[in-house]
Amino acid sequence: MEVVRPQLIHRWISVFVLICLFSFEAQCFYLPGVAPQDFMKGDPLMVKVNKLTSTKTQLPYSYYSLPYCTPKQIVDSAENLGEVLRGDRIENSPFEFHMREPQMCNVVCHIVLNAKNAKELKEKIEDEYRVNMILDNLPLVMPIKRPDLDTTVYQHGFHVGLKGQYAGSKEEKHFIHNHLTFTVKFHKDPQTDAARVVGFEVKPFSVKHEYDGEWNGKNRLTTCDPHAKRTVTSSDSPQEVEDKKEIIFTYDVEFEESDIKWASRWDTYLLMADDQIHWFSIVNSLMIVLFLSGMVAMIMLRTLYRDISKYNQLETQEEAQEETGWKLVHGDVFRPPINSDLLCVYVGTGVQFFGMTVVTMTFAVLGFLSPSNRGGLMTAMLLLWAFMGVFAGYASARLYKMFKGSEWKKITLKTALMFPGVVFVLFFVLNALIWGEKSSGAVPFGTMFALVFLWFGIAVPLVFVGSYVGFKKPAIEDPVKTNKIPRQVPEQAWYMNPVFSILIGGILPFGAVFIELFFILTSIWLQQFYYIFGFLFIVLVILIVTCAEITIVLCYFQLCSEDYLWWWRSYLTSGSSALYLFLYAAFYFFTKLEITKPVSGMLYFGYMLIASYAFFVLTGTIGFYACFWFTRLIYSSVKID
């Protein structure tokens with residue numbers, strides 16, 4: 001048995017420490033998706049508006065779906081595929097800023113609500129919708145003081161309005177935030193006098209503006225007057241939302257010099273969670289899983305080494321009266337399983353997913369998928385999924401040929417269409433639900449066509465290329481011959497029941513990811529940034545190791561019990577962690593989210609079903625290949641007559 005050298009252990013520990021350090025550094029620096037832009041004093045700053053979002057409904061709407069002030073012409077900003085799928089709708093706005101030139105009480109417009117507009121505003125206030133804006137590619141945030149921790153946290157955007165009561169009234173009214181106090185933070189270059197935007201904050205107020213005479217667009221407001229240096233500092237006389245009510249939208253702009261450099265301006269956004277991420281909790285969990293994995297690996301190596309020595313020793317001494325344990329089923333262990341075609345399809349799809357995940361994570365850890373590049377992560381995943389089709393075809397064809405299959409085109413077509421087909425049908429149904437709600441999150445026909453083209457124009461041909469190459473290769477040879485007549489599997493102990501062992505097998509891989517899963521779900525469904533890709537990469541590595549080891553251990557016990565039907569069970573053992581993922585998603589829904597609309601609930605469970613299905617394919621394939629390698633290794637290590 002090979003002895004592991006101390007130098008090798010030290011090298012791996014060094015690599016692990018470097019990855020850990022890199023994961024902490026990942027918050028502080030990123031390779032920007034855009035070049036920095038310098039602004040001289042008086043240069044115009046383009047303020048753009050984005051979608052309205054709510055954690056209660058999860059349905060985004062475009063900014064101009066509400067009766068807000070519009071510019072002379074609404075212009076859409078170019079959006080990538082990821083942005084469209086996220087529901088981003090970035091458009092120009094009527095707000096006009098000039099670098100380092102403060103403004104006070106700028107009137108944007110004056111509107112009179114009708115019954116329809118008032119109803120829409122009330123609904124959005126009721127559902128706690130937030131307005132999102134962008135300045136120099138930085139999202140708008142609202143600082144909130146936390147007296148309990150004596151810190152400031154930042155919330156994405158600002159609420160459309162609020163519900164409250166007038167003094168002395170018991171009836172709840174709806175009030176709109178119609179006055180915005182913007183703060184633009186800038187970092188000044190001492191040599192050139194140019195400045196870069198490093199922060200974009202807002203304080204919203206609800207104010208019933210007053211003026212003298214009839215409104216003609218040039219009236220001076222008595223509630224907010226730059227000449228009298230009277231500005232809005234509170235919402236003591238709020239603006240009510242009712243039919244026939246007039247609303248005047250105003251804003252202030254303040255400029256504040258900051259020590260934050262442009263390269264670090266995202267730090268504030270990446271630490272926006274209400275509570276600091278429990279770093280030590282994550283590290284502790286990962287250490288436990290690593291320790292457990294190490295224990296399992298040591299037990300397996302020692303037990304197997306003893307088994308192989310015993311079997312080979314018995315053969316040499318001609319004392320083998322009767323074979324026992326896993327050696328006994330050597331004539332059946334490589335017999336093709338039932339539904340072998342389906343197994344080939346799932347293994348090929350899993351390889352495609354594995355390739356996409358590893359490459360995406362590598363790019364993310366290196367900082368290429370920075371948060372400034374909105375939609376970049378999703379776009380990268382979709383493109384990589386399509387290009388990894390070549391590996392899916394190759395893997396499924398190689399396995400199919402090993403099972404003595406001959407119709408390679410049929411298996412290729414199934415690999416190219418089955419998983420994406422199921423996901424596309426689910427996605428189409430969910431998109432129809434979003435469309436029915438008139439949400440901007442609905443994927444337009446043009447984007448849907450682009451997705452179909454990506455699937456049939458790139459992914460499917462590449463699957464065929466990979467399959468053709470894989471099928472041309474010589475078939476994988478089994479290390480032992482398979483008997484013509486299948487052996488009967490003896491009755492198994494209760495703990496070796498397939499359902500029980502499969503469900504047990506999924507617990508450890510899920511345990512490796514569930515803490516990180518909480519933060520991922522929070523970032524997706526509570527609309528916070530997730531950018532701890534260094535840690536996520538470590539979690540992915542540990543997930544791979546855990547899936548492989550738990551499957552090998554349970555496969556070994558299964559073969560020792562003279563049950564040779566390991567093909568599908570190896571896939572389902574680690575793949576069952578997807579069941580726990582979906583159950584955890586349901587637990588998260590009922591304990592952390594405040595979703596009340598049935599459509600929003602259906603969207604949540606629909607998308608989590610797609611995520612769980614993808615997780616099943618990924619973890620199942622890792623377990624299958626680990627078991628495949630393990631069985632070939634042990635049966636090629638013993639002498640069999």
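Each Cβ is built from the backbone N, Cα and C atoms, and glycine gets one as well.
What TrEMBL says about this one:
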- 1-28: signal peptide (SIGNAL)
- 279-301: transmembrane segment (TRANSMEM)
- 343-369: transmembrane segment (TRANSMEM)
- 375-395: transmembrane segment (TRANSMEM)
- 416-436: transmembrane segment (TRANSMEM)
- 448-471: transmembrane segment (TRANSMEM)
- 492-525: transmembrane segment (TRANSMEM)
- 531-559: transmembrane segment (TRANSMEM)
- 571-590: transmembrane segment (TRANSMEM)
- 602-630: transmembrane segment (TRANSMEM)
Practice task
Answer with yes or no whether the transmembrane segment (492-525) touches the transmembrane segment (571-590) by the criterion of at least three Cβ pairs under 8 A, sequence separation 6 or more.
Solution key: yes
Exercise for the section: Check the transmembrane segment (375-395) against each of 343-369, 416-436, 448-471, 492-525, 602-630 and return whichever range has the most CB pairs under 8 Å. Expected result: 448-471
Exercise for the section: Look at every Cβ pair spanning the transmembrane segment (343-369) and the transmembrane segment (492-525), keep those 6 or more apart in sequence, and say whether at least 3 of them are under 8 Å. Expected result: no
Problem - Contact between the transmembrane segment (492-525) and the transmembrane segment (448-471) (3 or more Cβ pairs under 8 Å, separation 6+) - result: no
Problem - Residue numbers, six or more beyond the limits of the transmembrane segment (416-436), whose CB comes under 8 Å of its CB atoms - result: 59, 345-346, 349, 389, 392-393, 442-443, 448, 451, 455, 459-460, 463-464, 599, 602-603, 606-607, 609-610, 613-614, 617
